[in-house]
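What TrEMBL says about this one:
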DOMAIN    43-294  domain 'G-protein coupled receptors family 1 profile'
TRANSMEM  25-49  transmembrane segment
TRANSMEM  61-80  transmembrane segment
TRANSMEM  100-122  transmembrane segment
TRANSMEM  143-168  transmembrane segment
TRANSMEM  199-223  transmembrane segment
TRANSMEM  243-263  transmembrane segment
TRANSMEM  275-296  transmembrane segment
Amino acid sequence: MSTNNRSNNNSLPFLLTGIPGLEALHMWISIPFCFMYIMTLLGNSMVLLAVRLDKSLHEPMYYFISMLAVIDLIFSTAVVPKMLGVFWLDSRKIGFEACFIQMFFIHTFTAVESGVLLAMSFDRYIAICNPLRYTTTLTSSRTIQIGLLSLARGAGVMTPLMCLLTSLPYCRTRVIPHSYCEHMAVVELACADPSVSNLYSLIVATLLVGTDSVFITFSYGMILRSVMRLPSQEARLKALRTCGSHVSIILLFYVGGLLSMYLQMFSFSLAPHVQVLVADFYLTVPPMLNPLIYGIKMKQIQEGIFKLLGKLAGLSISQA
């Protein structure tokens, strides 16, 4: 294929199908996704405001929670509005550049979230296993540096992948059998050998997820060992409750991500709409549940949100 033809083809938009085979039910399917997006916006915004306004929450652990809230907001906003546009307005067209920008945001902030979860496990390890060194080891500036490093790592490893994918010629059908620009679904539309990009993405995913999960497992293994040595049962329960919310989020993130990835790579004789729905729920359910898990598991976040709601209620009454 000539360079001009390749360039012309790659300027054409893609078409998203939504949920393959369930197009007639798109309006009904959109209801839970719309609800989850609203809850994601409200829940994560409340967490951010609570941490911002309550000075007692100006600690590294809550800064990491705020980073997760920002990631969840970006993550959801990169996917759900366009998804709802497909469901509600049959707005299936997505530009070539917009498709890969969406893909970049999804994969980059997946990597960033993995890095922040690793940082949270390190935070809990220092707080429980070396409490006397906590304030000197994890300062506010160092916490921000860790967040920026996670962002740089995610963007750094995903930029070459996007360059590889956008350089491929897409001369087949432009229809993506998905609700968003899912990596494997888009690659299948290329009319050139995508083995280099596939190998790169496999290596990056294995190294990132594998390395982070190994260190997270090690950190919580050391934490559990230290907690079991505490003399007071009340102290043990308090430490376990604090770590429980983190472990819940970690399991939700990694188990959901692995399930979604393997279902995209291997069909397991499942109907296409099942694979797409699993992938859609992976991108929408964890961002909604994360702030709920904080609110249920962490008393300090609960109190911060209640203080914020009290201030908002008092402000509205005074204005009335």
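Using the three backbone atoms N, Cα and C, a Cβ is placed for every residue, glycine included.
Within the chain, the transmembrane segment (143-168) has long-range Cβ neighbours (under 8 A, six or more residues past its boundaries) at 10, 60, 63-64, 67, 100, 103-104, 107-112, 115-116, 119, 183, 186-187, 190, 192, 194, 196-197, 200-201, 204, 208. The average pLDDT computed for the domain 'G-protein coupled receptors family 1 profile' (43-294) is 85.
Counted as Cβ pairs under 8 Å, contacts with the transmembrane segment (61-80) are highest for 100-122 among 25-49, 100-122, 275-296. For the transmembrane segment (275-296), same-chain residues at least 6 beyond its ends with a Cβ under 8 Å from one of its own Cβ atoms are 19-20, 33, 36-37, 39-40, 43-44, 46-47, 65, 68-69, 72-73, 75-76, 79-80, 83, 106, 177-180, 182, 245, 248-249, 252-253, 256-257, 259-260, 263-264, 267, 302, 305.
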